[in-house]
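Listed in TrEMBL for this protein:
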- Asp194: active site, proton donor/acceptor (ACT_SITE)
- Glu15, Asn144, Asp194: divalent metal cation binding site (BINDING)
- Asn99: substrate binding site (BINDING)
- 13-253: domain 'SMP-30/Gluconolactonase/LRE-like region' (DOMAIN)
Amino acid sequence: MKVNIVCQHTMTLGEGPLWHPVEKCLYWVDIVAATLYRLNADNSINKFIMPSEIGSIAWSAQGGLIAALRDRFATIDTNTGSTQTIALPLHKMKKVMFNDGKCDRQGRFWAGTKDVKEQEPIGALYCLNKGNVVEMLKGFTVSNGIAWNLDNSVMYICDSPSRQIYQYEFDKRRGSLGQMQVFAQIPQEEGFPDGLTVDSQGYLWSCHWDGWQITRYTSTGEIDSIIPMPIPRPTSCCFGGPDLTTLYVTSASIGLSASQLADAPQSGMIFSIETGIKGLPEPGYCA
C-alpha cells in the first residue's frame, strides 16, 4: 500500500486523528504543542492553540469537539478554538496527564492517563458519560489506543511500555468492563503499541511507536498484514474519506536524534494510505 503525505507540517507529537463524519474533514492534535489541527476539503489547514496539552478528541453531537486536555475534559468550539471545561478529574494531579481517548458507540467518551515521566503505573482509564466522570481502570504507565470490536462486546486498550494490547469484556449497555486478557504481544524489534482503530471487517489496526509499521490483526490476535511506514514513530490512525477507505496516520518527531531525523525526514508529518478496506465512522459524544 502506498503511503502519501497529506500534511507536511512537522508535529512534535502528532496524535488523535479523527475523521469528522458530519463535517467531512480530518482533525488531529499535537499533544506537546497544545495545538488542534483541521484539514479541510480544499486542503487548507486551520490550527487552534489550546490552553494546555491536548491528548485526544472526539466529535460532539451538540456541535464542536470533546477533548481530553492535560487535566480535564472540555468542549472545543471549532469555529473559534475556545474551550469550556466539563470536568476536572486530574485537578492537582501533577504526575499524570490525559493521553489517548475515543467515544464508544453509545456516546461515552473514554480517555486514559499516563505518568508524565512514563516510568510508573500511576495512570488510569476514565469514562465521561453525560458530564459525569468515573475512573474505570488503574495501573497504566502510558494508557493508549482505545477501540471496540464490531459487536461492542470487547474493548481494546494498550499500556504501551508493556508492549501488549489488552482486550476487556465490555458491557455496552452499562459501559462496564469485565475480564481482561492479552490480545497481542509486540516483539521488541517491532516497537510499542500506540493508537488503534477497527475496520468494518472487525480487524484491529495498531500503530507501532519505534516500530516503523502499522499492523492489521484478526479478531483473534493473529497478524493479517503489516504496512511499513517511512517513519519510526507512527502514533495513531483512523479511517476517513468519502468512502471510509483512507487510513489517516499521525506521527511524532519528539525524542529523535539528528541522525534519526536524517534517516526519516518525514517524521511528524500526517499520512494517508488508500487501503481498499472500509473503516467505521467514529462515534460522537452525546452529552
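Glycine is treated like the rest: Cβ placed from N, Cα and C.
Positions of the features from TrEMBL, shown on the structure.
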residue	record	Cβ contacts under 8 Å, 6 or more apart
Glu15	divalent metal cation binding site	Trp28, Val29, Asp30, Ile31, Gly55, Ser56, Asp100, Gly195, Thr235, Ser236, Thr250, Ala252
Asn99	substrate binding site	Ile31, Gly55, Ser56, Ala68, Ala111, Gly112, Thr113, Lys114, Gly123, Val142, Ser143, Asn144
Asp194	active site, proton donor/acceptor	Asp100, Asn144, Gly145, Cys158, Ser160, Ser206, Cys207, His208, Trp209, Pro234, Thr235, Ser236
Residues lining the divalent metal cation site besides Glu15, Asn144, Asp194 (CB within 8 A of their CB center) are Asn99, Asp100, Gly145, Cys158, Ser160, Gly195, Cys207, Trp209, Thr235, Ser236
In this predicted model, the domain 'SMP-30/Gluconolactonase/LRE-like region' (13-253) has a mean pLDDT of 97
